[in-house]
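J.: Okay, these came from Swiss-Prot:
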- 1-7: topological domain 'Periplasmic' (TOPO_DOM)
- 8-28: transmembrane segment (TRANSMEM)
- 29-34: topological domain 'Cytoplasmic' (TOPO_DOM)
- 35-55: transmembrane segment (TRANSMEM)
- 56-70: topological domain 'Periplasmic' (TOPO_DOM)
- 71-91: transmembrane segment (TRANSMEM)
- 92-104: topological domain 'Cytoplasmic' (TOPO_DOM)
- 105-125: transmembrane segment (TRANSMEM)
- 127-147: transmembrane segment (TRANSMEM)
- 148-158: topological domain 'Cytoplasmic' (TOPO_DOM)
- 159-179: transmembrane segment (TRANSMEM)
- 180-202: topological domain 'Periplasmic' (TOPO_DOM)
- 203-223: transmembrane segment (TRANSMEM)
- 224-234: topological domain 'Cytoplasmic' (TOPO_DOM)
- 235-255: transmembrane segment (TRANSMEM)
- 256-270: topological domain 'Periplasmic' (TOPO_DOM)
- 292-296: topological domain 'Cytoplasmic' (TOPO_DOM)
- 297-317: transmembrane segment (TRANSMEM)
- 318-325: topological domain 'Periplasmic' (TOPO_DOM)
- 347-372: topological domain 'Cytoplasmic' (TOPO_DOM)
- 373-393: transmembrane segment (TRANSMEM)
- 394-407: topological domain 'Periplasmic' (TOPO_DOM)
- 408-430: transmembrane segment (TRANSMEM)
- 431-454: topological domain 'Cytoplasmic' (TOPO_DOM)
- 455-475: transmembrane segment (TRANSMEM)
- 476-485: topological domain 'Periplasmic' (TOPO_DOM)
Amino acid sequence: MTITPQNLIALLPLLIVGLTVVVVMLSIAWRRNHFLNATLSVIGLNAALVSLWFVGQAGAMDVTPLMRVDGFAMLYTGLVLLASLATCTFAYPWLEGYNDNKDEFYLLVLIAALGGILLANANHLASLFLGIELISLPLFGLVGYAFRQKRSLEASIKYTILSAAASSFLLFGMALVYAQSGDLSFVALGKNLGDGMLNEPLLLAGFGLMIVGLGFKLSLVPFHLWTPDVYQGAPAPVSTFLATASKIAIFGVVMRLFLYAPVGDSEAIRVVLAIIAFASIIFGNLMALSQTNIKRLLGYSSISHLGYLLVALIALQTGEMSMEAVGVYLAGYLFSSLGAFGVVSLMSSPYRGPDADSLFSYRGLFWHRPILAAVMTVMMLSLAGIPMTLGFIGKFYVLAVGVQAHLWWLVGAVVVGSAIGLYYYLRVAVSLYLHAPEQPGRDAPSNWQYSAGGIVVLISALLVLVLGVWPQPLISIVRLAMPLM
């Protein structure tokens, strides 16, 4: 197979991020300079984002048997790059107070971003597995980056061991699917899995094991046990990446698998996914009710958000609207999570031991950092799905898709879950406006809005509000990603 200039243009984001990894590695070997390496990383990620315009001009194509570049891949690549950029900008002030090696942080984020881009373009079970490993392995190091803290190290060990187990399930499931179908390409799977084939025990077992592996990576019930501990133990900028980039990339590739291979046509698989979605929505919200740690609360709430997205995935067979729903919901979830975790990162910067993540640290924040408190309020309202925010548009889409596909009990679960979610999100928002404690705890720097992280947080809040009132630009972008399938 010959690689043409057209193919190289299609692979630009992947090549640019890969080149940035090499440049940052050489820069660290040459001389440790925190500012230089952070700047190189941000320039590389921005260049990869800009290159998406050229990719769009090249059109949709299968670059290799493992990768397909089209509108869908571009949308998810863009979301992963935005999340990686935000992670780097939040990490810079946080690392300023960190006494050990700072520069490797950016290297690990870039390698994980590379895995995310590979997942967005994956068109084959081999590239799906490679992408998941490429995004997971750097996260083992990132979660335990504050290794002098017992909690961070414990979170890293938990995540490493459980992630390895999940990967083995995923790989074994792929082996069974291959044994039955004789191919690993998504398109070939779609052709080979004809009538009645999906009821073969070996194939059902294979897809079942794959659901276990992917369910762990997406922290769906009952494979979610690592989520709250890892979110709490990981440094705040890493929790940002975990909650956004890794979830978006993996959900994107699962979406593509379901589009090409008729996995959702099997009644057994649909029932299993529906039960997982129902349990994730209800359990995630109920567990978040009693949390007094913001990162744990956001960890449990992410379980329920993935449950909502699963409703749209189950309804995928009913039409293109569910693809639109997932795109809009993930964009809303990305900006809301970036804002919420960004506030936690700003409150925890520079590094001074554990993050400012207890609810008590945010009590009365409005009285000395009013804009920051307003941003956090907007993010909580968006995550709760209150009208006039982007979170509401996403949730409305999911409900519409559920109704269209007659998934009545899942629609009921979404409504009940949203009602429960409203309580704990508003609890965080209300605590920002209570009387400040006598002895103030951690606080964001007074000039936070002029820092790169502060600007990212403000832009996220602005996007959540503007797109919540006028979502048409976002819907148009998501629709552009559809016809190129």
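Just so it is clear, glycine is given a Cβ too, placed from its N, Cα and C backbone atoms.
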J.: Taking DSSP states H, G and I as helix and E and B as strand, how many residues of the topological domain 'Periplasmic' (318-325) are helix, strand and coil?
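T.: For the topological domain 'Periplasmic' (318-325), the helix, strand and coil counts are 6 helix, 0 strand, 2 coil.
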J.: Based on DSSP, tally up the residues of the topological domain 'Periplasmic' (394-407) by helix, strand and coil.
T.: 11 helix, 0 strand, 3 coil
J.: Mind checking which residues of the chain, 6+ beyond the ends of the topological domain 'Cytoplasmic' (92-104), have their Cβ under 8 Å from one of its Cβ atoms?
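T.: Non-local partners: 24, 27-28, 32-34, 37-38, 141, 146-148, 235-237, 345-346, 348-352, 445, 451-453.
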J.: How many of the residues that make up the topological domain 'Periplasmic' (56-70) does DSSP mark as helix, as strand and as coil?
T.: 3 helix, 7 strand, 5 coil
J.: If contact means at least 3 Cβ pairs within less than 8 Å, sequence distance 6 or more, would you call the transmembrane segment (373-393) and the transmembrane segment (455-475) in contact?
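T.: By the criterion, they touch.
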J.: Report, as numbers and ranges, every residue of the chain located at least six residues beyond the topological domain 'Cytoplasmic' (148-158) whose Cβ falls under 8 Å of a Cβ in that stretch; write 'none' if there are none.
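T.: 100, 140-141, 226, 229-230, 232-235, 353-354.
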J.: What mean pLDDT score does the topological domain 'Periplasmic' (394-407) have in the model?
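T.: Its mean pLDDT is 91.
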J.: So what's near the transmembrane segment (8-28) in sequence-distant terms, Cβ-Cβ under 8 Å and 6+ beyond its ends?
T.: 36-37, 40-41, 43-45, 47-49, 51-52, 54-55, 57-58, 61, 63, 67, 69, 77, 81, 103-104, 106-107, 110-111, 113-114, 117-118, 121
J.: Given the transmembrane segment (235-255), which of the listed stretches 71-91, 105-125, 127-147, 159-179 has the most Cβ pairs that are under 8 Å apart from it?
T.: 71-91
J.: Residues of the same chain, at least six outside the topological domain 'Periplasmic' (56-70), with any C-beta under 8 angstroms of its C-beta?
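T.: The answer is 1, 6-7, 9-11, 118, 121-124, 126-127, 185, 481, 484-485.
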J.: With DSSP, how much of the topological domain 'Cytoplasmic' (347-372) is helix, how much strand and how much coil, in residues?
T.: 12 helix, 1 strand, 13 coil
